[in-house]
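Taken from Swiss-Prot, the feature L-tyrosine binding site covers Tyr34, Tyr172, Gln176. Per Swiss-Prot, ATP binding site is recorded for Lys235, and the stated evidence type is sequence analysis. Marked as domain 'S4 RNA-binding' by Swiss-Prot on the basis of sequence analysis: 354-412. Sequence annotations record features per position, and here Swiss-Prot assigns motif ''HIGH' region' to 39-48. What Swiss-Prot lists as motif ''KMSKS' region' is 232-236.
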Amino acid sequence: MDLINELHQRNLIFHITNENKLKELIKNKYISLYCGFDPTEDSLHVGHLLPLITLKRFQVLGHKPIVLIGGATSLIGDPSFKTKERLLKSDSFVEKCTLKISQQISFFLDFNSNFNSAIILNNNLWFKKINILQFLRDVGKYFSVNALINREAVKKRIKRSDQGISFTEFSYNLLQAYDFFILNQKNQVSLQIGGSDQWGNISSGMHLIHRISKKEAYGLTLPLLMQSNGIKFGKTESGTVWLDPQKTTPYRFYQFWMNIEDSNVYRFLKLFTFIDIHEINEREKNSYKKNQIVSDKVLLAKHMTRLVHGDEKLSAAERITNILFFKNINDIQISDLEQLRKDGVPVVETYKIKDLQEALVLSSLAQSRTQAKNMIISNSISINTKKIVNKNYIIDDNDKLFNQFTLLSRGKKNHCLIYWNK
């Protein structure tokens with residue numbers, strides 16, 4: 001199967017230019033392709049995984065992936081389908097973010113291959129060398145303002161009475177077009193990939209290459225993933241799901257995939273994993289069987305957590321899951337409890353709680369001591385996964401894991417971690 005056909009079967013293609021020519025090109029030679037990432041935050045998030053994994057799919061088959069960090073363009077901000085002007089970032093902030101996301105990207109691609117090693121570039125390399133008059137003369141003259149303002153992303157902003165679009169953001173399209181042109185000239189890049197919201201920017205790059213160099217370049221966009229509630233993929237009630245384990249713990253990351261809607265399980269297995277497409281289709285055919293979807297969610301969560309955080313962090317996420325959902329606390333490690341303390345479950349810090357009823361109220365697992373007493377009597381409360389039925393139970397040192405933590409649970413899904421201050 002050729003790569004473009006596989007991308008179609010995995011539902012990875014939203015737009016593609018000159019598909020037959022691109023198929024022929026990558027069939028007959030190895031190409032260089034790129035995707036850009038603006039360092040507007042100090043971590044990538046799960047929404048960035050799709051383009052990174054797609055770059056990897058090309059690299060596995062011999063093509064050379066280039067990651068372009070928008071050290072210059074991030075100072076402007078991409079207006080594509082944004083409802084309002086982005087806040088401008090400082091140079092120092094962008095530099096810090098560039099370093100961090102470059103380190104994250106290094107885990108996804110092979111930078112030590114014989115002939116198609118991935119490389120990371122920063123568009124500061126060329127934008128710091130070009131002045132505004134040169135840019136307007138050499139780039140701006142190839143673009144019609146009429147065409148630019150008719151781009152869907154720009155039109156939406158112009159039509160809003162409360163939010164227009166500044167010339168700063170309006171110029172972003174030309175800056176990204178120039179990126180593609182430079183990479184085509186210097187690195188023989190013939191394909192740019194990105195989210196479907198990047199179609200206008202990619203098209204401008206192809207246009208500029210054709211006008212100046214008389215060469216044909218190609219574009220491929222990936223679907224923007226939305227949840228059924230209309231919220232962008234990767235956003236939860238508790239915020240963005242980051243790739244940085246200091247911002248989203250591996251356990252919380254693992255649970256994000258476990259909690260996706262059933263209707264997305266096989267779609268995401270196709271989009272995000274390298275599991276054979278035929279195996280995924282077979283799994284989907286059997287999804288009516290008892291526990292099959294849950295089993296396949298586990299497969300997805302394992303694959304993604306291993307990909308982003310590695311085997312050790314995956315094991316920790318599985319241990320924590322076993323504690324909270326399957327009451328298996330035997331293999332718990334203090335680092336697992338530190339993960340839970342960071343963003344796994346609600347946390348109460350104290351040094352003086354004595355009785356269980358007070359602990360349940362303080363942890364918000366109960367609204368009152370009376371309710372707490374009734375919960376204990378009805379066999380709903382556990383300490384460190386052990387059921388407690390004594391309504392007058394006093395918490396002591398034996399209930400402290402590693403002399404620092406106590407896990408309170410109400411039923412199967414409501415937990416709170418007590419952290420004992422010394």
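Keep in mind that glycine also has a Cβ here, set from the backbone N, Cα and C atoms.
Mapped onto DSSP classes, the motif ''HIGH' region' (39-48) shows 3 helix, 1 strand, 6 coil. Residue counts for the domain 'S4 RNA-binding' (354-412) under DSSP, split into helix (H, G, I), strand (E, B) and coil, are 19 helix, 14 strand, 26 coil.
Within the model, the motif ''KMSKS' region' (232-236) shows a mean pLDDT value of 73, rounded to a whole number. Look at the Cβ of each of the binding-site residues Tyr34, Tyr172, Gln176 and count the other Cβ atoms within 10 Å; the largest number goes with Gln176.
Mapped onto three states, the DSSP output places Tyr172 (L-tyrosine binding site) in helix.
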